[in-house]
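Q: This is the structure I want to talk about, given as structure tokens.
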Amino acid sequence: MAANLWLILGLLASHSSDLAAVREAPPTAVTTPIQNLHIDPAHYTLSWDPAPGADITTGAFCRKGRDIFVWADPGLARCSFQSLSLCHVTNFTVFLGKDRAVAGSIQFPPDDDGDHEAAAQDLRCWVHEGQLSCQWERGPKATGDVHYRMFWRDVRLGPAHNRECPHYHSLDVNTAGPAPHGGHEGCTLDLDTVLGSTPNSPDLVPQVTITVNGSGRAGPVPCMDNTVDLQRAEVLAPPTLTVECNGSEAHARWVARNRFHHGLLGYTLQVNQSSRSEPQEYNVSIPHFWVPNAGAISFRVKSRSEVYPRKLSSWSEAWGLVCPPEVMPVKTALVTSVATVLGAGLVAAGLLLWWRKSLLYRLCPPIPRLRLPLAGEMVVWEPALEDCEVTPVTDA
């Protein structure tokens, strides 16, 4: 009995020591193939360092928020983006391998615990006839003293290049320059002034970053920003149409009024001609059109984007005109008449000669030539011996 008791106590002591060893064992370190993940807002890059001994030769790619995946720069431990928001907290993730294993993630910019519901909301922008216009709504928790200011810059440049929009407006007040109250709910920027008036120039800015800042007596409120692709945001304007008659022909030509679709437009032309019961539509790629023998006719035209096929302009103003019928000059008419008469005379003479020859042929048919065959009909005469007596004659 005593021996059994000592055996039980020994087993319990051994189990307790094993549990203590388990509790005292250091936790297993979780290792990742990358470390020191960080954002460079000046160059729009997400960089990292490979962990010691990590094999990341299988390829890396990144993702900003819910955007499409971006491959890492060749030979470098970083991904480059076209833009980075300095206002929205965005999650950046690095993936490795074909199975898209998550290697690390980071948020940028760090959340400053500001009241984001006081920031401007629903920022939207569009381009029309050389002007960039943006509108926003006041934050639902913005106090009455909060006012907003809009800045813009080339997306390829950093925040140090921000420039303020000069022409603010609100729902009920239009004013140039900063308004003295918090009524800013939009702003318009003349792109021809700040970018130059030459479309498709080498210095053409393809995208801009729009930032709306807010501030009140309690201090600044979080900002709102957005990257605007100027070509995508451009609202197509109807072309400027002119028409004229060139004799009996009608000539229509037009000029597009879109800055960021230079050379990337097609056109739909509608022609309403009095000689036709229904208007005719033509899809053309060149900015002019000819109609022969036009008569009473009218034109209108609209643009369509070759980049975004669903993007169309409205119809231009319809222009009508009446072109005179085609009139042949007197000299040309005389020459044509003479040529017609001569041609008819030659045809008649030819027919007469043919008729006379045909009649003579029927009245006096030609006598066929006789061909006397020689072979088989000839008689060959051969000399024969004389059978008469010949008496010689002598002189007396």
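Cβ atoms are placed via backbone N, Cα and C, with glycine included.
What you see is a predicted model, and the numbers here were worked out from it, not measured in a lab.
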Q: Of 47-51, 157-161, 312-316, 382-386, which range does Swiss-Prot call motif 'WSXWS motif'?
A: 312-316
Q: Tell me which of CYS125, CYS165 Swiss-Prot records as disulfide-bonded to CYS134.
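A: Going by Swiss-Prot, CYS134 is disulfide-bonded to CYS125.
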Q: If you check Swiss-Prot, which of CYS187, CYS223, CYS245 bonds to CYS87 via a disulphide?
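A: When Swiss-Prot is consulted, CYS87 turns out to be bridged to CYS223.
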Q: Looking at 30-38, 201-209, 363-371, which stretch does Swiss-Prot describe as motif 'Box 1 motif'?
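A: The listed stretch tagged motif 'Box 1 motif' in Swiss-Prot is 363-371.
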Q: If you pull up Swiss-Prot, which of CYS187, CYS323 shows a disulphide to CYS245?
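A: Of the listed candidates, Swiss-Prot names CYS323 as the partner.
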Q: Cα-Cα, whole number of Å: CYS62 (disulfide bond) versus ASN91 (N-linked glycosylation site)?
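A: Cα of CYS62 (disulfide bond) to Cα of ASN91 (N-linked glycosylation site) measures 11 Å after rounding.
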Q: Compute the C-alpha separation of CYS187 (disulfide bond) from CYS134 (disulfide bond), stating it in Å without decimals.
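A: Rounded to the nearest whole number, the Cα-Cα distance is 6 Å.
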Q: Can you tell which of the recorded positions CYS79, ASN213, ASN272 lies nearest to CYS87 (disulfide bond) in space, using Cα positions?
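A: With Cα distances computed to CYS87 (disulfide bond), the winner among CYS79, ASN213, ASN272 is ASN213.
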Q: Near CYS165 (disulfide bond), how many other Cβ atoms are within 10 Å of its Cβ?
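A: Taking every protein chain into account, the count is 21.
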